[in-house]
Amino acid sequence: MDFLEEPIPGVGTYDDFNTIDWVREKSRDRDRHREITNKSKESTWALIHSVSDAFSGWLLMLLIGLLSGSLAGLIDISAHWMTDLKEGICTAGFWFNHEHCCWNSQHVTFENRDNCPEWNSWSQLIISTEEGAFAYIVNYFMYVLWALLFAFLAVSLVKVFAPYACGSGIPEIKTILSGFIIRGYLGKWTLIIKTITLVLAVSSGLSLGKEGPLVHVACCCGNILCHCFNKYRKNEAKRREVLSAAAAAGVSVAFGAPIGGVLFSLEEVSYYFPLKTLWRSFFAALVAAFTLRSINPFGNSRLVLFYVEFHTPWHLFELVPFILLGIFGGLWGALFIRTNIAWCRKRKTTQLGKYPVIEVLTVTAITAVLAFPNEYTRMSTSELISELFNDCGLLDSSKLCDYENRFNTSKGGELPDRPAGAGVYSAMWQLALTLILKIVITIFTFGMKIPSGLFIPSMAVGAITGRLLGVGMEQLAYYHHDWAIFNSWCSQGADCITPGLYAMVGAAACLGGVTRMTVSLVVIMFELTGGLEYIVPLMAAAMTSKWVADALGREGIYDAHIRLNGYPFLEAKEEFAHKTLAMDVMKPRRNDPLLTVLTQDSMTVEDVETIISETTYSGFPVVVSRESQRLVGFVLRRDLIISIENARKKQDGVVSTSIIYFTEHSPPMPPYTPPTLKLRNILDLSPFTVTDLTPMEIVVDIFRKLGLRQCLVTHNGRLLGIITKKDVLKHIAQMANQDPDSILFN
């Protein structure tokens, strides 16, 4: 009797912390598609089913775009309101943030647009005055208190309900997209807790952003919605195509950059990115951006917070300071990665990691106490970047625009370069202090047990540096316009230098230095700011920062965190340059016990169950006999366990002495022997094999490009050993003089 005519539930699925078999998943999808296509010719109902199956991918993208766009809008609005709550409350309606509160006011002038009677600071509410030292202390105390409350709620919710909701999520998503399974990482609890705690973490004033976690949120949406469609629920490889598109939608809503999102998914997170996924990512990113635009969370009818309009063209000489910013970005990126990884390793290996709540509260307290006295650290990082990108106009009341003779406009309505006033000098000092605080505190913040993105803090470091350099260049051009480097293109009273552009280029350089993005970074930056004519400066800075950072360390921050956590991720960008052979890497090595194998027609159920209980291997090669060692196929441990359990329940007479057959036909058995168990259907008859003399660079390439879990090693057709993905990763680590045991998931 062959009970396997019917598919067994559970066969072909994977355990937690295992790698999927890409080849098997793709082949199952092709079989499913072929079956639907053949049936569609038989009846109208089957044809409708075929059309709906083809359309389901696009419908899924639409739903992902709508859900991630809505959640991003909700997070933006809530974070804006809660950030302002640290400073005061709106008496006209507590649900208004500072800006909306004063928009609705009848008693506000354009000059004093931030001061309206409806908005009360905490000192006004508690002691009825805003003047004096005591009022300052009350505001200071309330600011720190709210920050600590938000941070405590965020870390407590993560710790109790969804430990996977911490961090940025991008290293884990890269690993999942490469075929690794982390159950619950993209589940509904993670989605709910990450959404709530992301708002709390951003509002607490810590040096972190919401952009990376929004990619995780969008991927959670994608994974949950996959369960509504059979095609994606039952196939892990198809699901990963959806998650690639969801990552694009996440960046699309994080930055309001749909094309940048698609390129980010392609360049940074995806492992397998066919053309069909490119189109679907484009559609998901479009829908997500459209949804966010409909919600209009910033109230400026734009998708982004940092929209700028620069009017002055840049000059060729300015490429020199732009490249200097690129060098700074590369140096900061390499420094940040080294120090952050060292700190995260310390957190993992010492007592520090056991007290996440105390760590988060300590960092929050230090951040809040140091941030309040300086207006540039007190404001949210997004607002700070927005102010640094801004080009000073006639109506700007910011200290950064406090120039002397500011209303002496030139012919075209442009503001000429002018001498800096007292406000600009005081702003420069405050920005320099802000830069030091951001550089130091971000190292300790990224990697704590709360949702924390890295895009915004990195951009802030670059934008501050860029603005400082831009103002310096502007003053140099004003006072020394007769120097040879300026006199050909910058006459006195002209508007030559745009400090906001330098901030934008610096932001791109620092973000590139930390993440090592290039193409997607430049596209995100010009979509983010609308600065289309500044692509060349952005490209120059992004490329320089990547070269400098790569010279000091090969890994970007996400790859470094993947390695720190020991995820089995095979990097596609690295070349394998060593001259080793398959026989040097395969198990068993010389002097090791022999390879555990199953024979095709001579083992009983008891023999197989003994092997399963005594070993922890994920699968077993099947051979003709122990003497010949001729390879027949490969069977997975999980499939074996499920099939034997199922047979004991469903098939009469199967006992421990029943013989298991992996052959097409079982020979006739003498009477009174227990019935045989045929398991040919779960046997992979075409496992990947290489010979013992295959160079390891080819083996590594096969593992990368086909996404294999394991590969068998033969010599003249006889089975010699096996190479698994972990063996390959350990071998690469060994060749790079790293600890090979760090490649085990922990």
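Yeah, the Cβs are placed from backbone N, Cα and C, and that goes for glycine too.
Checked against TrEMBL, the range among 214-233, 274-293, 454-473, 694-713 recorded as transmembrane segment is 454-473. Check TrEMBL against the ranges 427-447, 616-636 and you find transmembrane segment recorded for 427-447. Confidence over the domain 'CBS' (682-742), given as mean pLDDT on the 0 to 100 scale, stands at 88. Packing against the transmembrane segment (501-526) from elsewhere in the chain are residues 251, 255, 257, 259-261, 263-264, 266-268, 308, 310, 312, 314, 321-322, 325-326, 328-334, 336-337, 385, 388-389, 391, 454-455, 458-467, 469-470, 473, 532, 534-535, 537-539, 541-546, 548-550, 555-558: each is 6 or more residues past its ends and has a CB under 8 Å from a CB in it. When Cβ distances are compared across the two stretches, the transmembrane segment (316-337) makes contact with the transmembrane segment (454-473), since 3 or more pairs at least 6 residues apart fall below 8 angstroms. Within its own chain, the transmembrane segment (189-208) has Cβ neighbours under 8 Å at 71, 74-75, 78-79, 82-83, 85-86, 143, 146-148, 150-151, 153-155, 157-158, 161-162, 164-165, 169, 214, 216-217, 220-221, 224, 363-364, 367-368, 371, 378, 380-381, 437-438, 441-442, 445-446, 450-454, 456-457, 460, counting only residues six or more beyond its boundaries. Proximity of distant same-chain residues to the transmembrane segment (427-447), defined by a Cβ-Cβ separation under 8 Å and at least 6 residues beyond the stretch ends, is recorded for 167-168, 206-208, 332, 336, 339-340, 343-344, 347, 363, 366-367, 370-371, 374-377, 384, 398-400, 402, 454, 457-458, 460-461, 464-465, 467-468, 471, 557, 561. Using a Cβ-Cβ cut-off under 8 Å and counting only residues 6 or more beyond its ends in the same chain, the transmembrane segment (242-266) has close neighbours at 57, 60-61, 64-65, 68-69, 72-73, 173, 176-177, 186, 210-212, 214-219, 221-223, 225-226, 232, 272-273, 277-278, 280-289, 291-293, 302-304, 455, 517, 519-520, 523-525, 527-528. Counting same-chain residues at least six beyond the ends of the transmembrane segment (55-75), those with a Cβ under 8 angstroms from any Cβ of the stretch are 195, 198-199, 202, 210, 214, 217-218, 221-222, 225-226, 228-229, 231-232, 242, 245-246, 249-250, 253-254, 276, 280, 283-292, 294-295, 297. Same-chain residues lying 6+ beyond the ends of the transmembrane segment (357-374) with a Cβ under 8 Å from its Cβ atoms: 139-140, 143-144, 147-148, 151-152, 154-156, 159, 204-207, 347, 430, 433-434, 437, 441, 444-445, 448-450.
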